[in-house]
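Taking it in order: structure first as structure tokens, then the write-up.
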Amino acid sequence: MTQKIKCALIGPGNIGTDLLYKLKRSPFLEPVWMIGIDPESEGLKRATDMGLKTCATGVDGFLPHVLEDNVQIAFDATSAYVHAENSRKLNALGVLMIDLTPAAIGPFCVPPVNLKEHVGRREMNVNMVTCGGQATIPMVAAVSRVQPVAYGEIVATVSSKSAGPGTRKNIDEFTRTTAGAVEKVGGAKKGKAIIIINPAEPPLVMRDTVHCLTETAPDQAAITESIHAMIKEVQKYVPGYRLVNGPVFDGNRVSVYMEVTGLGDFLPTYAGNLDIMTAAGARTAEMFAEEMIKGTLKLEPVHA
């Protein structure tokens, strides 16, 4: 039995609960706490049934237990506007924060594009962009590593049932954060992000459209090869990531149409947007946990 790094999850909604199922399978991470603000929350009840300690008084109610339970990584699946405070309080106790909100106070991480860059940087807060960002930025990066991209636009369509109250409150932050990461991580000079929440019944699988305008005529063979290689990288942790059509070339425009089917851990398989976000968060935390177990990463308290 290898040593596991103890984790806490903040926010027992769709994302937090789906993440809990994934962490339960992790060889490096052990979820021990679930933190919420509503004692009647379904997510907290489910976490209790799964053997976790729970707290319904927010992060403040959890702080006294951090050191005694040796919690070293926390996942924030709440909302962008409370994340900064949550992060400050936990960083002060030496807890590494994986941010699944669009707060983006830490550096962006999209695993197949830049996870390795985070190794050895000793960051205490890493932001997972958004579900739309995780699904589309690898495709923008696949084009921009072949040749310069002047403009990258992504359209993420998710089912209404998969978008909980937290996601809805964060729509503006979603578009800003995703557009910023299309530039910073995807490599586009200018980025734009659009989200569509589709109320259709039965719920639709997550669909993503990516358009890139290249500065010069696109090298079709190299871009096609790069896109297929990147899809294989994403499929290592999200097997339901699939190319529906493309790349389609029209002048300098390169378009890719993706579909993301989930594993069905918490919500049914249509909620690929949950899967790609939680799988990316778990993958990132596992990399840090492996370093901690090896002794190459020691977390230090950060006082704001």
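Every residue gets a Cβ built from N, Cα and C, even glycine.
Cβ neighbours within 10 Å of Cys131 (active site, acyl-thioester intermediate), excluding its own Cβ and spanning all shown chains: 31. Feature annotation from Swiss-Prot assigns active site, acyl-thioester intermediate to Cys131.
What Swiss-Prot records for Ser162, Ala163, Gly164, Pro165, Gly166, Thr167, Arg168, Lys169, Asn170, Asn273 is NAD(+) binding site. In the three-state DSSP scheme, Ser162 (NAD(+) binding site) is classed as helix. Ser162 (NAD(+) binding site) is surrounded by 27 other CB atoms, counting those within 10 A of its CB over all protein chains shown.
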Other same-chain residues whose Cβ falls within 8 Å of the Cβ centroid of Ser162, Ala163, Gly164, Pro165, Gly166, Thr167, Arg168, Lys169, Asn170, Asn273, the recorded NAD(+) site, in sequence order: Gly13, Asn14
For NAD(+), whose listed binding residues are Ser162, Ala163, Gly164, Pro165, Gly166, Thr167, Arg168, Lys169, Asn170, Asn273, the greatest C-alpha pairwise distance in Å: 16
Surrounding CB atoms that lie within 10 Å of the CB of Gly166 (NAD(+) binding site), all protein chains: 19
Spatial neighbours, same chain, of Arg168 (NAD(+) binding site) - Cβ under 8 Å, 6+ residues apart: Ile197
For Gly164 (NAD(+) binding site), the number of other Cβ atoms found within 10 Å of its own Cβ: 18
Those residues of the chain, 6+ apart, with a Cβ under 8 Å from that of Asn170 (NAD(+) binding site): Ser79, Ala80, Thr101, Pro102
Residue pair Gly164 (NAD(+) binding site), Cys131 (active site, acyl-thioester intermediate) - Cα distance, angstrom, rounded: 13
